[in-house]
């Protein structure tokens, strides 16, 4: 969640649904009842949701209100090596700052990539669509001084040939091309889909408190909502 500087109201960017990541609009009306907060009304899975227009019955536009969750819970995918969780928001369409805030409201940040293995893992999961998605890379603060929004070290790069070029002088944000996994710079005001990333704090806890018998592997089950639209039949190899 973030706060609007004009109204001092909390902005909740949605995930899933059909709102394209747009923020909740409060109050909104659902089945004759006015809601000023996210609600579970009408849902059997207890996921809180909101409408992004004032009257849901008029246009049926809605999204899930994301909540910070422990580990790689609902709407998150466990990474290849179990250290991070990823959220692929293919249907969203937000500016770079909005996308960053949408990730941060879930105690995450826009995607940083710090190794060839992570790059390959991500690229293998986004090539199912043809689009461009936000990375956490930007040089907003100082022109030409690129860095990750989550403060990860800049130790790996996968720029497309000729990038970054700051074409027109206003390409200050990084994005990844889904068809080939290469990076490019683009105006931060574009509306793109995006990927969030966060540390899986439960793994760190498990590693500290769990003793494995030699020759065995501890397995962790993950429950993923069946209606997730980004990737089907995900599997994680440890």
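In case you wondered, yes, glycine gets a Cβ from its N, Cα and C as well.
Heads up, TrEMBL stuff is auto-annotated, nobody curated it.
Residue 50 (disulfide bond): 26 other CB atoms within 10 A of its CB, across all protein chains. In the three-state DSSP classification, residue 50 (disulfide bond) falls within a strand. Residues annotated as disulfide bond in TrEMBL: 24-50 (among others).
Taken from TrEMBL, the feature disulfide bond covers 38-65 (among others). Taking a C-beta cut-off of under 8 Å and a sequence gap of six or more, residue 38 (disulfide bond) has these contacts in its own chain: 12, 24, 48, 49, 50, 65.
According to TrEMBL, the feature domain 'Fibronectin type-II' maps to 19-67. Each residue in the domain 'Fibronectin type-II' (19-67) has a pLDDT score, and their mean in this model is 93.
According to TrEMBL, the domain 'C-type lectin' annotation covers 81-197.
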Number of Cβ atoms other than its own within 10 Å, given for residue 65 (disulfide bond): 22
Tally of DSSP helical, extended and coil residues in the domain 'C-type lectin' (81-197): 23 helix, 38 strand, 56 coil
Secondary structure content of the domain 'Fibronectin type-II' (19-67), with strand meaning DSSP E or B: 4 helix, 15 strand, 30 coil
Other C-beta atoms that fall within 10 angstroms of the C-beta of residue 24 (disulfide bond): 25
